[in-house]
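Student: The following block contains the structure, expressed as structure tokens.
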Amino acid sequence: MSEMDYYEVLEVSRDCSGAELKKAYRKLALKYHPDRNPDDQEAEEKFKIVNEAYQVLSDDEKRTIYDRYGKEGLEGQGMGGGFGGANMDDIMDIFNSMFGGGGGGFGGFGRTRRDPSQKYALDFEIELPLAFNEAVFGCEKKIDITYKTPCEECGGTGAKDGKMETCDYCGGQGQVLMRQGPMQFAQTCPKCHGEGRKIAQKCPSCQGKGYHEETETVTIKVPAGVDSGNRLRVPGHGNEAKNGQRGDLYLTFYVEEDEHFIRNGNDIYIEVPVFFTQAILGETISIPTLDGELELELKQSTKDKEQFIFEGEGVPDVHNGRKGRLIAQVRMILPKKINEEQKELLEKLQESYGVESRPHKSTFESAFDKVKNWFKN
């Protein structure tokens, strides 16, 4: 991977925008981060080159030089890859958003940095399926969760009797120096993850993990109007730290589809089957709504797929409670079979409108003539 073009490393096109670049970097940094891939040398190397590529391409000056002269041009200017420069804050923001805590309500994770000696993130996320009506009206649900708690026998270190020894990879510093061309930068040690120490002998109780898993039942109040992809923070129900404090639980909702209603944001769509005679003559019919039913007035000659909009009959907005629209769309129903009496009545109706019985010959005369002319030459 180290021989690849920087754009190929980040899996983006050469004309990608800054936002596209940042999104691609976030995805790959999360995928190859040492915390997610302990003792994986290949992931560690990929993580380094992903950071190197982003440091170059996210800097306008470096990117211009790289586009013209390649990596050699950067080294000739003393502008190799690696951490440093204006984008370090950008990178830390991304890491904090991926691995931090804090935050509140709906949205992403916060920016609390993790203690290097902590074997796991305190915040974690699970998916919570909801029935269609539970999401629309809100509900209270009891869910069982599994969270991590420090191993009492080793004090959460993962080492037998809590005995640790100096990390031989970073010499106990918790960081290692990396070099890219003339530049060098410090990176969290991938072996000890910044702690500066390593396990001498695994704890027999937790097998070196530093934690055990516990289960608990949590009552969740789901607000009305949530939709698939919305996230809810539940403070104090994440993993437990060594000091006894707990992180936060994040719930990502997945809303099941309904048999009749189709949701689009806060709007609700429903298909209304209408017999063709009802559409022609006009009629007032009852249709279901989220709260019950209402009357839909079909005017004479209502068209197939015609829509009728009812304001305030949709889903309440999860933030302000304002309801969306109910949109009823007509689906014309035609009879599959007719008897002789019905056929006779329909033919009389057709004649009363002056409709020609044989494929509208007069209507298509000019078209027939045009087609004949195609074959004359």
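Using N, Cα and C of the backbone, Cβ positions are placed for all residues, glycine too.
Swiss-Prot feature annotations, pasted as is:
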{"type": "BINDING", "residues": "Cys151, Cys154, Cys203, Cys206", "note": "Zn(2+) 1 binding site"}
{"type": "BINDING", "residues": "Cys167, Cys170, Cys189, Cys192", "note": "Zn(2+) 2 binding site"}
{"type": "DOMAIN", "residues": "5-70", "note": "domain 'J'"}
{"type": "ZN_FING", "residues": "138-215", "note": "zinc finger"}
Student: I'd like the per-state residue tally for the zinc finger (138-215) from DSSP, helix first, then strand, then coil.
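Tutor: Across the zinc finger (138-215), DSSP assigns the residues as follows: 3 helix, 37 strand, 38 coil.
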Student: For the domain 'J' (5-70), what does DSSP give as the number of helix, strand and coil residues?
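Tutor: In the domain 'J' (5-70), the DSSP-based counts are 47 helix, 0 strand, 19 coil.
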Student: Under a criterion of Cβ-Cβ distance under 8 Å and sequence separation of at least 6, what residues of the same chain contact Cys151 (Zn(2+) 1 binding site)?
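Tutor: Listed in sequence order, they are Gly158, Cys203, Ser205, Cys206, Lys209, Gly210, Tyr211, His212.
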Student: Would you mind checking how many other C-beta atoms are within 10 angstroms of the C-beta on Cys203 (Zn(2+) 1 binding site)?
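Tutor: The Cβ of Cys203 (Zn(2+) 1 binding site) has 22 Cβ neighbours within 10 Å.
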